[in-house]
Structure formats: structure tokens, C-alpha cells
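A short write-up of the structure that comes next.
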Amino acid sequence: MGMVLLATKIVVALYVLASNIANLIQWHHYTLSLSLGLGAPILQTVCSTLLMGLVVVEHIKSLAPSTLVISYAFLKSVFTAAIMRTSIQNGDAILAFSAPLLVSAYLLLLCVELVGKHRLLRNKDVPTVSASSFISKSLYLWLLPLLWTGRNKTLTIDDCGNIPLELRAAASTKPLQRMLVAMPHQNHHLVRASLRAFPLLFFSPIPPRVLLLLASFAQPLLVSRMISYVSNPDSPTAQGWALVGGFVCTYAVISLMTSIYWEKVFNCTVRYRGALVGNIYGKTLRLSSAAGREMGGGVASTYMSVDVERVCQGLETVHELWAAVVSIILAVALLYSQATWPAFLPLMITFIVVMTSGYVSKGMGGAHRKWLGSTDKRVKFLVSIIDNYLPMKLGRYEDAFAQRAANLRAEEMKGARSFYYNLTAIGALTETAWAASTLSVLGPYSALAAIGHDALDPRRLFTIVATINLLAPPLSMLGDILPQLRAAYSSLKRIEYYLQLEELVPRLPPLPAADGGSQEKQPDEVSAHISLQEASFSWGADKPPFLGSISLELSVPHLHVCVGPVASGKTFFLLSLLGETVCTEGSFWPARTPIAYTAQDPLIISGTIRDNIVFGQEFSEQWYNTVLNACALTVDISRMSSKDGTFVGERGATLSGGQRQRISLARAVYARAPWTFLDDPFSALDAESEDHIFLALFGPNGLLRNRGVVLVTHNAKHLNSADSVVVLSGGTVKYHGTLEEIIALGYNFDRDMNPDRDLPTTKMRSPEEVVRTEDRVDEEESGEKGIPKASQGFTPLSVLHANGWLVRLPGGHHPVVSDRVGKTCTTDLSTAVV
């Protein structure tokens with residue numbers, strides 16, 4: 001099919017060439033008697049020869065019909081038709097024979113080139129609009145098949161086809177992102193970067209808008225000539241036909257240019273919207289923890305919805321601003337030719353309206369910022385409610401939160417009311433300007449005619465009225481455009497501020513060299529070790545350090561357990577190792593390998609259980625099932641109707657706290673990263689699940705046994721399995737080393753985990769001491785009659801279990817002593833033999 005269309009185009013191009021050769025021969029005979037040159041026919045024949053090659057190249061290289069070939073064929077057919085008409089009227093039989101051949105050849109080439117190639121493409125995913133000609137796009141003919149399909153069925157998304165590649169967010173995000181990084185941060189950084197990233201996109205609406213302006217101001221001239229023609233009975237008929245043709249062409253150009261202009265404007269708006277949203281989204285992912293905490297939650301969604309919408313509204317009107325100014329200048333010039341000095345009165349009215357509108361709109365920027373600030377506060381509050389919906393329902397706080405939300409909404413409406421008051425005032429001024437401009441011209445013009453005892457000229461009156469009608473829209477538009485542009489600029493500055501916030505930059509400092517200097521390592525020498533030398537960390541470069549004077553060496557494959565009292569900075573310590581904080585003093589060499597991280601508050605996306613665990617990585621069923629077993633998720637998933645395809649809801653609303661934490665932990669394990677950072681991952685788990693998971697991950701054959709792990713915990717029993725222990729207290733590392741080493745240095749779990757409590761010093765007991773514990777509580781110590789521990793659930797077995805020496809396997813059978821002891825034991829319900 002494609003070769004048939006190409007062959008047809010070649011045949012038609014040959015026909016065009018043959019017609020031009022015949023025309024050249026005819027002109028040669030015609031000019032022998034008139035002594036005319038042959039330059040024009042020869043040039044036309046040469047162009048026809050080049051046209052054949054252009055047709056072939058455009059057919060092969062272009063997805064859509066060639067705009068150049070279509071324009072050339074259309075214009076040549078129109079101009080050649082005019083020559084043919086003149087030749088027939090003058091009785092030139094020779095030229096009257098060759099001209100129709102040329103007209104038919106160009107029209108045939110135009111029709112053949114307009115045939116779409118969408119059905120011929122190998123890639124059927126190419127959008128229909130991308131494979132359509134510019135005429136089809138301008139007249140929206142490419143929508144006809146879709147409308148025809150919609151007459152018999154309800155249209156779906158699949159029927160609408162794919163989005164054009166240039167309108168997708170990925171295609172528009174990258175150019176703006178590159179310019180934001182490449183250009184220095186100066187005033188109007190986002191505006192300058194946008195103009196550098198999309199120069200043709202922003203200026204593409206200018207040519208059709210200029211043509212639309214010229215065609216619009218041709219109307220008063222045509223009206224003037226038409227009235228003159230009607231007023232003169234002796235006017236030739238041909239002049240009337242010419243005026244009709246002029247009106248047809250003028251309104252055809254107005255219709256076509258309006259379509260093309262708004263297509264370019266909306267194309268620009270959609271692409272820039274995608275660029276802004278894409279960069280805001282990317283910035284949110286790269287935002288540093290300090291900046292994220294300062295901005296709060298829900299701010300990015302406000303930027304991507306409210307602010308981007310304001311910018312797009314302003315972008316739709318920015319070309320109308322300069323067009324309005326040019327229209328006013330042209331209208332005043334045309335009015336001056338008809339009414340002399342009263343033509344300048346609309347300028348005075350326009351000046352008064354602009355100055356008054358500018359004065360009124362001064363308060364719009366502050367009102368708009370106040371409005372958006374109230375919107376941010378309300379959105380943050382609603383996001384926090386959604387995030388904590390279940391506790392809110394359990395605590396019966398619905399009425400209180402509903403009242404708070406209503407108050408925030410009322411406060412938001414106060415800011416909006418101030419903004420719209422100013423907007424209404426400007427709109428009233430704008431509407432008054434049109435009526436005042438009309439009276440300011442017609443009134444003095446009528447007075448001048450009465451003073452000079454001259455009759456009112458209908459031609460001048462109709463021309464003045466037609467010109468004022470062209471002057472009214474830009475006058476009324478100025479008042480509407482200026483507030484929108486102010487609001488758009490205010491939102492653009494907010495987005496610019498957000499895009500310039502501090503973000504998490506991958507830090508790859510040089511490794512220390514043997515001579516004490518530094519040297520850059522090659523990729524194959526990249527180290528997985530983490531080194532800190534007298535390092536201090538804070539949330540920002542201008543803020544005091546939260547942790548200071550830390551000197552550590554963390555290596556793989558080892559389990560490093562971090563403990564400390566509440567608010568000692570354990571989570572901050574993990575974030576610092578991740579590079580989420582700022583190292584203000586000392587040296588910090590982070591791991592140059594991938595890191596898996598599980599936070600205290602589990603990250604659960606809206607999707608299935610498998611989506612949350614695999615998280616975009618390559619799926620391996622065997623490894624996936626192994627991870628599920630290790631994280632004690634197999635039984636939970638088996639009880640669900642859709643198994644691991646169960647939809648977990650927003651932030652895991654359908655899951656329990658323990659299930660969310662185990663899924664988050666399973667994601668980190670599934671990643672198989674060289675380093676895994678776990679921030680108190682067992683806090684929401686029961687003792688049995690915790691023991692099972694700990695043994696499956698850190699036991700002799702644990703899944704994380706051969707990887708580097710930093711585990712933050714409050715449970716002392718995990719210290720027994722640690723290769724090294726990091727104790728944080730007082731904003732620094734108080735102890736670091738093996739468990740035996742820090743105990744020798746004076747570490748006591750009860751005392752150091754609860755520094756504010758005056759607890760007696762207790763010595764950590766050995767397994768033998770635990771086993772020798774009596775079966776009854778001392779009556780004098782308890783103050784009541786002794787109760788057998790078995791009846792309380794405190795058997796020697798559970799005592800071993802509580803102290804971390806004994807780990808229970810799935811099903812409650814064959815308990816084993818933890819990896820630190822290195823021995824196994826078998827027990828019944830009341831005894832334990834080590």
C-alpha cells in the first residue's frame with residue numbers, strides 16, 4: 001500500500017513536470033511575437049524538477065503529509081487559475097490550453113499529498129493527529145473518524161488514541177530541567193530558563209496572530225469600499241465580485257488563523273503545564289529532608305494544581321496582551337483617517353483605565369498570596385486527616401475536625417473575597433471603557449460635522465463604527481489580562497522558589513589516599529564502607545548540629561545495631577548516613593552503593609501488595625516467595641481473597657500496622673542492596689513475628705547475613721546478634737564496639753535507654769543465670785502470695801525468649817538459642833536445657 005501511494009505521487013509529479021514543459025513550449029511560441037522573456041516558465045520548470053525529489057523524500061521521512069508540498073501545490077493552483085482566467089478573457093487560445101493542464105496537475109498533486117499515511121505506518125501507536133496534514137489539523141478534519149465512531153457507541157479512552165509525543169510530560173520536563181540546572185540562579189530564573197528551553201514553542205502563536213490582526217483590520221476597509229460601491233450606481237460589476245471575493249478571503253483567513261492560533265496557544269499551554277508539573281514532581285522526589293520538613297505535606301500538590309493552573313491561564317492570555325496593544329494602535333490610526341483628532345480620545349480613556357486598573361490590581365498580588373497561603377494550610381490539614389483517618393474515627397474527632405476544616409475554608413474564602421473584589425472592580429472599569437470610547441469618537445465627530453454644516457457621511461460613519469467594534473475587545477481585554485498576568489507571575493515566583501529549595505544531591509567525595517591526601521577512585525574501586533571522622537550533622541548549613549563529633553567505620557557484611565534513649569537522634573543518624581542531612585563539620589564518606597531503607601512510618605503506595613514489595617524492580621518469583629516467608633507475610637496473604645494482588649488502599653488503609661511494617665521491610669529485603677538501613681522495623685510486631693523475622697533475616701542463614709545492615713531498635717535482645725553496637729546519647733556516639741566491649745566500658749541497657757529514670761543498676765544475665773531463675777516470684781518482693789509462673793505465662797522458656805537468648809521458630813516447635821550463643825536446645829513447656 002505504501003509503495004502504491006509513493007508510485008502515485010511520482011506519477012503525479014511527472015505529470016506536473018510534463019505540464020510545465022508543455023507550458024514552457026507554449027510560452028516560447030507566445031513570446032516570439034511579443035518579445036517577452038522566458039525566465040518565469042524556465043524557473044517554474046526547474047522547480048517542478050526539484051519537486052519530484054522533494055515528494056519522494058517527504059514521503060519516506062515524514063510521518064505526516066508534507067506541509068511544503070501541500071502549500072506549494074495549493075498556491076500554484078490558485079495563481080495559475082488566475083492566469084488561466086485572464087487568458088480566457090483575453091482570447092489567448094494557446095495559453096488557455098496550457099494553463100488548465102497546470103491547474104489540474106497541481107490540484108491532483110495537492111489531493112495525492114493530502115492522503116494520510118497513518119494506515120501505512122508500522123508503529124500503529126502513533127497518534128492520528130501526528131500523522132495528519134496541517135490542513136487537517138487546522139480544520140480539525142482528523143477528528144471526523146472519531147466522531148463517526150461515536151455515533152454508534154460510547155467513546156472510551158482507547159478510542160481517543162494516544163497522546164502526541166511532544167505533548168507528553170516526559171518530553172517537556174527534560175528541556176526545562178536542563179535549563180534550570182545550566183543557567184545561574186538570578187532574578188526571573190524560571191522565566192529565563194523557560195524561554196531558553198522552549199523558544200519556538202512560546203513564539204509559535206505570533207505569526208498566526210499577526211495574520212489574524214491584519215485580516216481583522218481589513219474589514220473596515222472592505223466595508224468602506226463596499227459602501228462606496230453601493231452608493232455609486234455606475235460602479236462596474238467586476239468590482240462588486242472583487243469585493244465579494246475580498247470578504248470571502250478575509251473571513252476565511254480569520255477563521256483559519258483563529259484555529260491555528262488557538263491550537264498553538266493550547267499546545268504551548270499543555271506542554272508547559274507538563275514541564276512545570278514534571279519538574280515540581282521531580283523536585284519533590286529530590287527535596288532534602290530539611291526542606292521537606294519546613295514545607296510540610298501537601299504543598300507540592302498545591303503547586304501542581306493551583307499554581308500551575310494560574311500560570312497556564314496567564315500563558316493563554318500573554319499573546320493577547322501585545323495583540324491588544326497593536327490592535328489599539330491600528331484602530332486609532334484608522335479612526336484618525338476618518339474622524340481626525342477625536343480618534344485620540346480612546347487613547348486617553350485607555351490610559352485612565354490602565355492606570356486605574358494598575359492601582360486597583362496592586363493589592364491583588366498580596367491578596368492572591370494570602371489566598372494561596374490559606375489554601376496551603378487547608379490542604380495540609382486535610383492531608384493530615386486523611387493520613388490519620390482511622391485514629392480520628394476511633395477517637396470520635398469527626399465533629400472537631402469538621403469544624404476546624406470549615407474554619408480553614410472560611411479563612412480561605414476571606415482571601416479569595418479580597419482578590420475577587422479587586423477583579424470585579426477592574427472588570428467594571430473595562431466594560432465602561434468600551435462605551436466611553438464609542439461616545440468619545442462619535443460625539444465629537446458629529447459635533448464637528450454640525451459646526452461645519454456638513455452632512456454625516458455614511459461611509460465614514462460605518463467605517464468608524466466598524467473600527468470601534470475592533471477597538472472594543474482589546475480595550476475590555478486589557479483590564480482582564482493584567483490581573484491574570486499578575487496572578488500568573490505570582491504563582492510562577494512561588495514555583496520558582498520551590499524549585500530552588502535545597503535538594504538531596506548524591507555526594508561521592510574522594511576516598512582518602514595512603515599519603516593522607518585524596519584521590520578519585522575508578523568505578524571498580526568504589527567502596528561500600530561508610531566512614532565518619534569527627535562528623536557533625538544538622539538539618540541545614542545555617543542550623544546548629546543535632547549530632548556532633550561522630551567517628552565511626554561501618555563495613556559490610558556486618559550487622560550494626562544502633563540504640564539509645566528516646567529523642568537521642570537514632571532516626572537522624574540513619575538519615576545522615578543516607579545523605580539526607582548536612583555534614584557541617586568533619587569528614588563523611590557515604591556508601592557508594594545502593595541502599596535499601598525502611599522508615600519508622602512505613603511507606604505504602606496505593607496499589608497491590610506485590611506492587612509495594614517489588615516496587616518497580618524485576619520480578620523473581622523464587623526470591624519473592626523467599627522474602628514473603630522471611631517477613632512472615634505468607635500466612636497473611638494466603639488469607640486474602642486476591643492474595644498478593646490485594647489492593648491495599650491509600651497509604652495501606654486496608655492493612656494493619658504490623659502488616660504495613662512487614663511489607664515495608666519485605667521491600668527493603670527484596671531490593672538485595674549491599675546496604676540495608678532499618679529504622680525500628682519491629683516496633684509494630686508481636687514477639688513471635690519479631691523473632692521469626694529476626695532469625696530469617698539475621699540468623700546463620702539469614703537473607704541479610706551477607707549484607708551490611710544498620711538496625712535501629714529499642715529491644716535489647718537484638719544486641720546479642722550484633723557485630724557492632726552504636727549507642728547514641730547526648731547528641732553523639734557514647735559507645736561503639738562489640739557488645740562485650742561496650743559492657744566493659746560501662747554500658748547498661750536500662751540506665752542508658754532510660755537516663756531520666758533512677759533505676760537500680762542491673763547486670764545483664766547469662767543464659768545459665770536465666771535458666772536458674774526460680775519458678776515462683778518472691779512473696780516478700782511481690783507483696784502477695786506466690787503464684788506459679790506457669791500460670792502467669794512466665795515459664796523459664798518464655799524468660800529465655802524475653803531476654804533474647806531463645807528464638808522461637810514458626811509453629812512454636814524446636815526453639816533454638818540465638819545466634820550469639822551458637823547452641824541449640826530442645827524443651828518442653830516448662831524446662832529448657834542449654
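Cβ atoms here come from the backbone N, Cα and C positions, even for glycine.
No curator has checked TrEMBL annotations; they are predicted automatically.
Residues annotated as compositional bias 'Basic and acidic residues' in TrEMBL: 757-775.
Summarising the annotation, TrEMBL assigns domain 'ABC transmembrane type-1' to 210-487.
Summarising the annotation, TrEMBL assigns domain 'ABC transporter' to 530-755.
Annotated region 'Disordered' per TrEMBL: 757-792, in sequence order.
Remote same-chain partners of the transmembrane segment (34-57), defined as residues 6 or more beyond its termini with a Cβ less than 8 Å from a stretch Cβ, comprise 6, 9-10, 13-14, 16-17, 19-21, 23-24, 27-28, 66, 68-69, 72, 109, 113. Sequence annotations record features per position, and here TrEMBL assigns transmembrane segment to 34-57 (among others).
If one looks beyond the transmembrane segment (69-88) by at least 6 residues along the same chain, the residues whose Cβ comes under 8 Å of a Cβ in the stretch are 51, 54-55, 58, 95-96, 99-100, 102-103, 106-107, 109-110, 113-114, 133-135. The transmembrane segment annotation in TrEMBL covers 69-88 (among others).
As annotated by TrEMBL, transmembrane segment applies to 94-115 (among others).
If you look up TrEMBL, you'll see 197-218 (among others) marked as transmembrane segment.
Per TrEMBL, transmembrane segment is recorded for 238-262 (among others).
Taken from TrEMBL, the feature transmembrane segment applies to 320-337 (among others). Using a Cβ-Cβ cut-off under 8 Å and counting only residues 6 or more beyond its ends in the same chain, the transmembrane segment (320-337) has close neighbours at 209, 213, 216-217, 220, 343-344, 346-347, 350, 441, 463-464, 467-468, 470-471, 473-475, 477-478, 481, 485.
Look at TrEMBL and you will find 343-360 (among others) tagged as transmembrane segment.
Annotated transmembrane segment per TrEMBL: 419-441 (among others), in sequence order.
Non-local neighbours of the transmembrane segment (197-218) in the same chain are 172, 175-176, 178-179, 246, 250, 253-254, 257-258, 260-261, 264-265, 267-268, 271-272, 275, 319, 323, 326-327, 330-331, 334, 470; each lies 6+ residues outside the stretch with a CB under 8 Å from one of its CB atoms. Long-range neighbours of the transmembrane segment (343-360) within the same chain, counting only residues 6 or more positions beyond its ends whose Cβ lies under 8 Å from a Cβ of the stretch, are 328, 331-333, 335-336, 422, 425-426, 429-430, 432-433, 436-437, 440-441, 444, 468, 471, 475, 478-479, 482-483. When averaged over the domain 'ABC transporter' (530-755), pLDDT in the model lands at 85.
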